[in-house]
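Trainee: Heads up, here are the entries from Swiss-Prot:
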TRANSMEM  24-44  transmembrane segment
TRANSMEM  66-86  transmembrane segment
TRANSMEM  88-108  transmembrane segment
TRANSMEM  129-149  transmembrane segment
TRANSMEM  160-180  transmembrane segment
TRANSMEM  192-212  transmembrane segment
TRANSMEM  229-249  transmembrane segment
TRANSMEM  256-276  transmembrane segment
TRANSMEM  281-301  transmembrane segment
TRANSMEM  330-350  transmembrane segment
Amino acid sequence: MLYSLLYGYFNINLFQYLTFRAGLGFFIAFFLTLFLMPKFILWAKAKKANQPISSFVPSHQNKKDTPTMGGIVFVFATIVASVLCASLGNLYVLLGMIVLVGFSFVGFKDDYTKINQQNNAGMSVKMKFGMLFVLSLVVSVLLSLKGLDTFLYAPFLKNPLFEMPTILAVGFWVLVFLSTSNAVNLTDGLDGLASVPSIFTLLSLSIFVYVAGNAEFSKYLLYPKVIDVGELFVISLALVGSLFGFLWYNCNPASVFMGDSGSLALGGFIAYNAIVSHNEILLVLMGLIFVVETLSVILQVGSYKTRKKRLFLMAPIHHHFEQKGWAENKVIVRFWIISMLSNLVALLSLKVR
């Protein structure tokens, strides 16, 4: 909106620069989240929209009165900042906002069900995955119709591994959406544990998106160019800004939880960025914490069903370390460090090709 008004009509050149608009979006989203979150917390407490705490984690029972669904606020702030600072005529921008709002809506439905039932079950698995599947499929098909190429790239290699047939690419993208959104959802179990790794991953992906959308940088770095995708940089920075605003209230001890309203939206948007910037494989490294958390659940369930034995004291793995006696803050900060290092290694792939 501001972009169209100030650059399109008044020809204010500052607004033609992607980096300026992304920076402006960051601060708008940050301060808007900072302003709205206390009001949301008061409203949520009045409505008793508290996070149900699992009886299997007795050390977390002191969190039972903490309101949830804070993700609604940072998603809203991101959308407002994006509408103001991004070009709304760009399909990548529109699809990015659809992903954020759509995945957040599914998360909201799940959160609402948990609050009403006062347990952690939420929606049925069939309903939840069905909604996520349809949303992922629609966005993937639209990306295909947009003309996003279907080459599969591996990190540190300048040439693609191979070109996927369209139907295979769409199926693969749907898998990336579903796996990433649920991986972030599983990670969101301690104060700030999902927020900071999401920030690191989004910052890394935003750099890749910026390079992919810039003809000079993509040519110099031998990176696959994706026409018009650079505008997504604005939304990514806005989401990072809103996450910093959310973290202000979510750091230990948390005043609010993001809930599925936030974690599914984050995972969906991270997946979207990875797909449009051809980083589906590299996402495993950038989102290493999310991958490890998910694998710990898969291995735990698989081991128990096949051998009647548990590999971990509790899954996801952050609870395993809590059960071993690690303080919550120690688990959180160490996971942050791992996430930061994995993203720094991922960024090296930009130059090493």
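Just so it is clear, glycine is given a Cβ too, placed from its N, Cα and C backbone atoms.
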Trainee: Sort out the residues at least 6 away from either end of the transmembrane segment (88-108), same chain, that have Cβ-Cβ distances under 8 Å to it, and list them.
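Mentor: Contacts with the transmembrane segment (88-108): 1, 3-4, 69, 71-72, 75, 78-79, 82, 128, 131-132, 135, 139, 142-143, 146, 181, 185, 228-229, 231-232, 234-235, 239, 259-265, 267-269, 272-273, 276.
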Trainee: Would you kindly check 66-86, 192-212, 229-249, 330-350 and say which stretch has the most C-beta pairs under 8 angstroms to the transmembrane segment (256-276)?
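Mentor: Maximum Cβ contact count belongs to 66-86.
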Trainee: Okay, the transmembrane segment (281-301) and the transmembrane segment (229-249): do they have at least three CB pairs under 8 Å, pairs separated by 6 or more?
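Mentor: The transmembrane segment (281-301) and the transmembrane segment (229-249): touching, no.
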